[in-house]
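Student: This structure is in structure tokens; I'll ask about it shortly.
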Protein chains: 2
Amino acid sequence: MTNDVRSPKRWLIGEPLSSEKLEHQLLPKHLALPIFASDPLSSVAYAPQEMLMILLIGGLGFLTLAPWVATAVVVLLIVVVLSYRQLVKAYPSGGGDYEVARTNLGEKAGLVVASALLVDYVMTVAVSIASGVDNIISAVPELNEFRVEMAIFFVILLAGVNLRGVRESGKAFAVPTYLFIASVFVMVVVGLLRTAAGHAPVAESASYTVQGDNVAHAAFVLLILRAFASGCSALTGVEAIANGVPAFRFPKVKNAQKTLALMGGTAIVLFAGLTTVSLIAKVHYAESSCDLVGLKNCATAVQPSLISQVATAVFGADSIPFFLIQAVTAAVLLLAANTAFNGFPLLGSILARDTYAPKALNSRGDRLIYSNGVIALAVIASVILLIFRANVTQLIQLYIIGVFVSFTLGQSGMVRHWIRLLRDPETTGRGQIKRSLVINLFGAILTFTVLIVVTITKFTHGAWIVFVVMPILWLLMLGVNRYYRDVEVEVEVDATTTFGASGDHAIVLVGKMQKPVLKAIDYAIAARHDTLEAIHVSVEPEATEKLQAQWDAMNIDVPLIIIPSPYRDVAVPVIKYIKAHREEFGAEVVTVYTPIYIVGHWWEAILHNHRSRRIRQKLMLAHGVTVALVPWLLDSSELLYGRRSRTWAFPGQARSGEPRRPEMPVKRGAQDREVGAAARSTARNSASAPSKKGQDEGSLR
Amino acid sequence: MTNDVRSPKRWLIGEPLSSEKLEHQLLPKHLALPIFASDPLSSVAYAPQEMLMILLIGGLGFLTLAPWVATAVVVLLIVVVLSYRQLVKAYPSGGGDYEVARTNLGEKAGLVVASALLVDYVMTVAVSIASGVDNIISAVPELNEFRVEMAIFFVILLAGVNLRGVRESGKAFAVPTYLFIASVFVMVVVGLLRTAAGHAPVAESASYTVQGDNVAHAAFVLLILRAFASGCSALTGVEAIANGVPAFRFPKVKNAQKTLALMGGTAIVLFAGLTTVSLIAKVHYAESSCDLVGLKNCATAVQPSLISQVATAVFGADSIPFFLIQAVTAAVLLLAANTAFNGFPLLGSILARDTYAPKALNSRGDRLIYSNGVIALAVIASVILLIFRANVTQLIQLYIIGVFVSFTLGQSGMVRHWIRLLRDPETTGRGQIKRSLVINLFGAILTFTVLIVVTITKFTHGAWIVFVVMPILWLLMLGVNRYYRDVEVEVEVDATTTFGASGDHAIVLVGKMQKPVLKAIDYAIAARHDTLEAIHVSVEPEATEKLQAQWDAMNIDVPLIIIPSPYRDVAVPVIKYIKAHREEFGAEVVTVYTPIYIVGHWWEAILHNHRSRRIRQKLMLAHGVTVALVPWLLDSSELLYGRRSRTWAFPGQARSGEPRRPEMPVKRGAQDREVGAAARSTARNSASAPSKKGQDEGSLR
């Protein structure tokens, strides 16, 4: 063992990306807006609808209160946007509410936000897709009986797209999002113009009245609050930008803030405009079809969504603009659902980084991990859609709770943050900080109120599920963290740690006389251990005799020990042999060489390596054993080389701001095609195969 | 590397079981009968019923033909039993029809039998459980709406019992089986005695007539044949003994033959007796309830099974013997289903041994493999029961085909076998052989005829499914075999195979400074490679600085190389380093040491080792690399020691005749309890921990 200090610079490991290339991969504002704003903007598709629907429970008269409730929602939206502008400036690393809560309110509060976000992502998928399906059915009412099937189809579609690894392209998002903004805006403007011209649009449900419940005084207030709570679903998705700051181009914080403001402004305009036109057109959207007095066959009738009723009223039934708006709305909602597929793995890797989730989730570009996350999200969302029959109203009850939990804790964390800064006498710009403090304080109080309101009003309508699931997630994450902490303590180094060994013995496990075993023997010999022997556990006498004969014929310089196995077991006799050997020769390190097959197809994994893995697992329980895996590359492993030279766009990459490895060409060793199969397989596995100097760095041979 | 030849006898590896102990584990005839005969005897519960039911389609008059059809079935049963007596003598190794077909008719015929057997096992579970549920419902008709649920419940129950690993105890089988034989026999005798006394039993369905189809001449014959085919379901399970010869005590063949004869005789007596009494009591069991003229509310009425109607007629409705017979019949049917859970993995391991199935299936006592097999069987059987609504009649259509395919090919194989012996001039005992030839030839022709009949008559009733599934299985098994064969060719040794290497370099992958890494370093040092260095891939600059500081502080004698990783990837930079190193230093073997956590709980596997496994898989694609796993045993791994010292009774063990390892006590190292946790974890993992001389062989430390 030599003591050379070799400089790694002598072997340069890939050029780091130039700053230009890095900048190119980040998002400009006009592409960031669609990616991050699709979620909150798409809420416009269902928020006014839910708000007016709740008001209608009290009867037609309650609709006069709609402007006030809508104004309250708009005010809250402004406050929340302003609050997030502060948050983004103070925490530009992209941790969002989770980081703010964890840093300022403690670990357990951070975990509450994390569990709320996990629930959030699932609900984003469910609600967005249910609403999208709602709009499709509003255009084509015959599809109503396939509501749940369509919803699950879209979930599977999105999962498939994400498993394939399509890059979350800003351009792909841009078209539907800007189209949506434009068309709804145009619809609102046209509706207002027509009203001004004395030709106000009239909704198809305008002629239906609603049998209002007799609402007593206390229930009156409760109803208003419920409507307000439902209207607050317009705020869902606002926090996404806070998680995506690293993805913006420089100056990141300012760009993020501008985009936030733009997004907030657009959402307000669309929400307010849509609500206004709905009230003008007298859209009556009831909780269930049969609440509408005058609607024939109410049990089977389909209530078109609010946005579709407005489109019909403004542009005419089954007109081109009508179908356009339905299509674009559905598209934006699908994109909003897709943000969950991108945000979920990102959240998972952040939690893993903080050891609240299995460390495996923190692997960048590990296709398997992301695939598992995508599949998990798709399955859970599908189950939710099944249980609630893709009913937007019911799903929203669960949705808002999670959102407002993170809002509240995020704002409260910011308040703590500013207070901490103010306490520090060296802080400058105290005026600005005090202003920020007021904004966040106001935001925290307001969102907390909404949270209380939402909880009380929606608890019995399904929200209790969230209050069962979130604590379970919280406990799991805490449990994982405590487990990892205990393990860290267990493996912590102390001054006296030494593992000492007084010998170096090597064993090669020999089954049949085949190339992989020969390779293992050669490698064991090359490693020059103190002692080396080959061990064959005799399970079938015939095979053992054949092996002995071949061994002698090949004149292998390694002694072959044959151990009988009365119970056809391989591991236990070997372990006993090792124990006995150590008893005789002292505490030595025993290296057990065993071949392992490397294969290219997934189904080949079922056909190889299982028994050697079981043997290996048992061997490793004995003292002093280390298992050396000698890889044998089968022909099909060629596929792996090609696969690994291509890069893969993993979900969430676009919004994490991390650099993407440049595409590398697929290359195979040219020599392989010129020799026969047997020689080829030997050459593939030979240590002495010459490495090509100056070969393309992308190739790994 | 020394060249000592060490004698393995110096370290005695467990005493082989004494012959007494081995003999004790094998089955005496009185216990073998219940285990192997439960399947064919339980067929008596549904065969007469199905036979009479088909006859009744032609009208009441057809029942007069019943004795002839029953006689034909009995004759076939005798022929088949005699044929199997020959087979068992010629092939006592327990391969059964599969081995006979493979040896005498070729590989592809053997595979046909194998696929038939696989289908058979599934159908055995489905039919037996459906029939058992049928009998339970006959006793308690209110349960009829839960037919399918009950059936699936029993499947899950059996799967659970087998997953737990209950030994297929001869005694557990004996009671219900002998009780069944006794009670049905008594029932038949009592029925006949009553008839002789002029007090013949009358079935509850005797008063119902059947609207017979007008059966034309050709259809007449077809109907008789269909009834015969259904009656042949009484033969299912006869071949089980041929597969279980090794489990008998010496002399194995004679005992197996005697048991076969006993089983055949009992089946004949029960079948004939039951049919006779049914005809006397005028049991009318129709294909569907509404075919019975006179039965009120026929759509919802439950037709009690034939055996329950006979019991009611002979002993009286709701009498104790009635309930006893229902219970015992259901129990025997459950046991018959259980034989499939035992036979399935046995068949799997035989197929794996012959490389027609993944080699992993051939691992003895591998709990995981057997668990997977049990679960697979349970799931498929449940799906079948679901699809066919646990309807015995429909399920039997699929059942008989597979059974008679193996009968026919088995008998044909035996014919070939005898012909081959006769052709050999040195064979003695030719008279005996000619007799055997005649028996097997007659059997083959008869079973082939039945197979044709069954196929024609049942094809449209569901048998086509079998003709789709069996070829698929056949292709899969052939495919697996051809794949393994190609791999064998690929790894075949030739004279010039050499893997040569010209150097011995070792690398330790270092992440954080923790005990597992220190252990890996120590082991790498102990192995005394030519050169050794530690490599740290820098993903986070802070962590890297901390590591460097700790490394220097601990004065480790191994150079630490730090490789930057711009894309947060670990494997690729290491591979490039190795490549560059080999370019510089020649074709050396590079041993990469990496720690691996050994854990005790299943859920811990999710929390460890994932990323190092991914890195390892990529590293092994590079030339000259071998990966040395240095195990780190966490506290929870203590559980594994306790687990492995206990033996586990795997399904099929009782009937395979293999020796069972004796129970070994659970023992933990006493020293562990006396030292602190940190020292304990070091001690657990230290190579220099003294092995205890003369310690109980069951303990593996």
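The chain as shown is numbered from 1 upward.
Yeah, the Cβs are placed from backbone N, Cα and C, and that goes for glycine too.
The model shown is predicted, which means the values in this text are computed figures rather than measured ones.
For A:657-675, the entry in TrEMBL reads compositional bias 'Basic and acidic residues'. Under the heading compositional bias 'Low complexity', TrEMBL lists A:677-691. Per TrEMBL, region 'Disordered' is recorded for A:651-701. Residues or ranges marked as transmembrane segment by TrEMBL: A:51-84, A:109-130, A:150-166, A:178-197, A:217-238, A:259-281, A:323-347, A:368-390, A:396-415, A:436-456, A:462-480.
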Student: Hey, which bits of the same chain come close to the transmembrane segment (A:109-130), Cβ under 8 Å, at least six residues off its ends?
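Tutor: Residues 39, 42, 46, 97-99, 101-103, 151, 154-155, 158, 233, 236-237, 333-334, 336-337, 339-341, 343-344, 347, 351, 356, 377-378, 380-381, 384-385, 388, 390-392, 395-396, 398-399, 401-403, 405-406, 409-410, 413, 466, 469-471, 473-474, 477-478.
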Student: Flag the pair the transmembrane segment (A:150-166) / the transmembrane segment (A:462-480) as in contact if three or more Cβ pairs fall under 8 Å (sequence separation 6 or more).
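Tutor: They do not touch: fewer than three Cβ pairs between the two stretches lie under 8 Å.
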Student: Are there at least 3 C-beta pairs under 8 angstroms linking the transmembrane segment (A:396-415) and the transmembrane segment (A:462-480), leaving out pairs fewer than 6 apart in sequence?
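Tutor: With 3 or more qualifying Cβ pairs, these stretches touch.
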Student: Quick one: do the transmembrane segment (A:217-238) and the transmembrane segment (A:396-415) reach 3+ CB pairs under 8 Å, ignoring pairs fewer than 6 apart in sequence?
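Tutor: They are in contact.
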Student: For the transmembrane segment (A:178-197), could you work out the same-chain residues 6 or more beyond its ends whose Cβ comes under 8 Å from its Cβ atoms?
Tutor: 34, 41-42, 44, 266, 269-270, 273-274, 276-277, 280-281, 307, 310-311, 313-315, 321, 324-325, 328-329, 331-332
Student: Give me the stretch from A:51-84, A:259-281, A:368-390 with the greatest number of Cβ pairs under 8 Å to the transmembrane segment (A:436-456).
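Tutor: Answer, by Cβ pair count: A:51-84.
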